[in-house]
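If you check TrEMBL, you get these features:
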type     : residues : note
SIGNAL   : 1-20     : signal peptide
ACT_SITE : Glu100   : active site, proton donor
ACT_SITE : Asp245   : active site
ACT_SITE : Glu339   : active site, proton donor
ACT_SITE : Glu357   : active site
BINDING  : Thr443   : Ca(2+) binding site
REGION   : 454-475  : region 'Disordered'
DOMAIN   : 634-723  : domain 'PA'
Amino acid sequence: MPAVLFSLMLLGALCSLGESMSREEKSRLRNQVVEMFDHAYQNYMRKSDVDDALGKFSLTLIDTLDTLVLLNKTTEFEAAVRRVLKDVRLDNDIVVSVFETNIRVLGGLLGGHSMAMMLKDGGQNMQWYQDELLHMAKDLGLRLLPAFNTSSGLPYPRVNLRHGVRGPETRTGTETDTCTACAGTLILEFAALSRFTGDPVFEAHARRAMDFLWEKRQRNSNLVGTTINIHSGEWVHSGVGAGIDSYYEYLLKAYILLGDDQFLQRFNIHYASIMKYISQPPLLLDVHIHKPLLPARTWMDSLLAFFPGLQVLKGDIRPAIETHEMLYQVTKKHNFLPEAFTTDFRVHWAQHPLRPEFAESTYFLYKATGDPYYLEAGRTILDNLNRFARVPCGFAAMKDVRTGSHEDRMDSFFLAEMFKYLFLLFADDEDLPFDIEDYIFTTEAHLLPLSLSTTPHSQSIPSNRTSEEEMDDSNFEWTCPNTRLLFPDPAYPRHLREPIRTAVDKSCPRAAPYREPGMGRPPLRAQDFMANNPEHLELLRRMGVTLIHLKDGRVQLVQHATQAVSAVAAEDGVRFMQEMMELSSQQQKEQLPPRAIQIVSDPFFGRVVLTAGPAQFGIDLSKSATGLRGFVTVAEPYSGCSEITNPEYVRGHIALLQRGQCMFAEKARHIQKAGAIGGIVIDDNEGSSSDTAPLFQMAGDGRSTDDVTLPLLFLFHKEGNILLETLKEYREVEVLLSDKARDRATIFKGKPRPGSQIES
């Protein structure tokens, strides 16, 4: 464990034990989950007849089938099955992901079949059902089999549902690499298909792929990589997140579903290596597979949130509690788990596509500990979904967790997984239509019956037993934990969580960079450099430093010592570049988070959120509880680089300005003198967008900017055009400048809420 993190973990503050949640409150939250599901599902059924994502299947409908049964929506389930049988056609000339089609569509059909058979056996529902979903699942399985036509047995990552992988008409079959999870997340669905149908071919192919991954593991570390060449079996780096996550999950769950000790043996060997090299509680860091003591990257992705749940199944509760608590604190910091975040818990990738893995681990930890703390974590998930992701037509993925801006998407796994785990978290046994312990969850949370382990399967499936010298009883320890032994003290989970809260919220000071004594400063200091100063550019030229303007508006510095006017000037250039790198590194550490510009006037009422860059001067919006609200107007001159000529329009308004021709602070001073209450600078680089460009911060002008007392925000060209076009169409446009997007209740507090207009 890094010394820095360890020192932080000693600073945890004591807090009281969580009180148990009343049955009434659990019931209220459970009903809230059902209401949220209805909001998402009914809007999907009204607005999305067919998904194009995977072969024009009704993807979300198939993915949601067993969720309907779990939530006691038997009538809706029966109608959904009939609609799938009526509308879905698999004979499409389209290339699909083998991995996604397996876990979402094949898994969804098998989960639906399991639920249909359970209901039919109950004697009241689905009496007409004659294995139609299973027949459709076998048809799909046969269409996926051509992908396994490789020398290694690992499947191609993509397949054409009509033409397979051979021939020019397939438009696939040329790929050489696949992710480990893509090849190793097939055994549950394919084995279930074999045992439901009695055809061993599916299980045989999935086992062969798993065997190849095991044989190709790095023998010194016993790790597998994230990406593998399907022909040569060469690896890249290793971890437990994206690209590799469900391979480990399926090893353990294959043992649970199929009863084959070999899968448990392999999982336990891998798990020991994960805990040795990758796990640095509460962190999980990717490492280089051939040098497992060397980290491969300094950030973690949100998919690793499944791992505490897997550790619960393994019986290793302590690290599960620690990693989950780290993820919970990051969630509370940003409302959702960013798609990726750094080891000091800053946002690396700001998107959040409504992933369910954190809810999954929360459910499993509550099942293992009975600690009401995890019910409160579930309440947090519900509240954040309703406050920040709920929209009139369902729930929208977050484009940027820092600003609250949305993407126009709601992935099928949101309905398939999120609401299952949240419902189960707040449900008692009597609330469930069947015994959940009789089923195992696939990685997409589809339900497969454990009775499949006793279903006879063909002896033609090779066993590939591990050699006796590798079989060790120690690999079977703690596979079925007794939580009474793990938790003799009810405060035990709390004591593990306490220090991690501090680790997420604080950072240790770093020592100043070493500088050799006696080394002089270059004639131009990096902190004084201004890219539009001709004298500074001439000094750069003399030092052999070239300035390059990038398309996104940034500048890049490159030094060639041979182009300096003298050896002394070249040394000055080297020191200037070192100083500039130190300054850049420091600025990145001090980087301000993005801000939000929210259009709150009719007909938007806060639904349009634009991601904006902050200024390193002026009013800090993060310290304002309400932000700044006002109408926008275009300043003249548009550059804002001289005295404003239309002060009568700018006064009391938020002025729109164009980037360029002068320093940002100079623009701010001019509009402030004209009476503006705030400013928005729009990028002049056509095509720039917050989707593709890094966050832009507006720096000062090298002198004191204490005189600037208004907020100034920056919009890239794409987002700026949205605002300008809105102003052109509606003339009166009111916006809210804030540190992050606000919900309608906050925006219209004390004012009439235009709810009926929005909902319509």
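Any Cβ shown, glycine's included, is placed from N, Cα and C.
Note that the structure is predicted; figures quoted are calculated from it, not measured.
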Averaged over the domain 'PA' (634-723), the pLDDT of the predicted model comes to 89
In this structure, the one of the active-site residues Asp245, Glu339, Glu357 whose CB has the fewest other CB atoms within 10 Å is Glu339
Across Glu100, Thr443, listed as recorded positions, the smallest other-CB tally within 10 A is for Glu100
According to DSSP, how is the domain 'PA' (634-723) divided among helix, strand and coil residues?
21 helix, 16 strand, 53 coil
Here the Cα-Cα span from Glu357 (active site) to Glu339 (active site, proton donor), rounded to a whole number of angstrom, reaches 12
CA-CA, which of the recorded positions Glu100, Glu339, Thr443 lies nearest Asp245 (active site)?
Thr443
List the Cα distance (Å, whole number) between the residue listed as 'Ca(2+) binding site' and Glu100 (active site, proton donor).
11
CA pair Glu339 (active site, proton donor) / Glu100 (active site, proton donor), Å rounded to integer, equals 19
